[in-house]
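Read through the structure below, which is laid out as structure tokens, and then see the notes.
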Amino acid sequence: MTRFVLFISCFFLIGMIVECKDGYLVGNDGCKYNCLTRPGHYCANECSRVKGKDGYCYAWMACYCYNMPNWVKTWSRATNKCGKRK
């Protein structure tokens, strides 16, 4: 029984350490991926392309992805460069 509790504790600890990223996908121009005129599965495909688990077209008409690796660039209000000149 003690080993089982120890195993479950380690499992949850690993789950807390290996965090995944959620957010809006960002293109090279710094803008969110637009999905207004795309087919319904477009965002899910784009999210899986960057190793995300799932994605959908959010109310802002942009692709939102779940459980992506930390190296994937996501949109942030603080670092927003969309529509701004370089």
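Here the Cβ of each residue, glycine as well, is placed from N, Cα and C on the backbone.
Quick caveat, the model's predicted, so the values are computed rather than measured.
Record source Swiss-Prot places CYS57 in a disulfide bond whose other cysteine, from CYS35, CYS47, CYS82, is CYS35. Candidates considered were CYS43, CYS47. The record in Swiss-Prot pairs CYS65 in a disulfide bond with CYS47.
Candidates considered were CYS31, CYS43. The record in Swiss-Prot pairs CYS63 in a disulfide bond with CYS43. The cysteine that Swiss-Prot pairs with CYS82 in a disulfide, picked from CYS20, CYS31, is CYS31. Taking only the Cα positions, the spacing between CYS63 (disulfide bond) and CYS47 (disulfide bond) is 8 angstrom. Listed disulfide-bonded residues near CYS57 (disulfide bond): CYS65 (candidates CYS31, CYS47, CYS65, CYS82; Cα-Cα distance within 10 Å). Of the listed disulfide-bonded residues, namely CYS57, CYS63, the sparsest CB environment within 10 A is found at CYS57. Candidates CYS31, CYS35, CYS43, CYS82 (disulfide-bonded residues) were compared with CYS65 (disulfide bond); those inside 10 Å Cα-Cα are CYS43.
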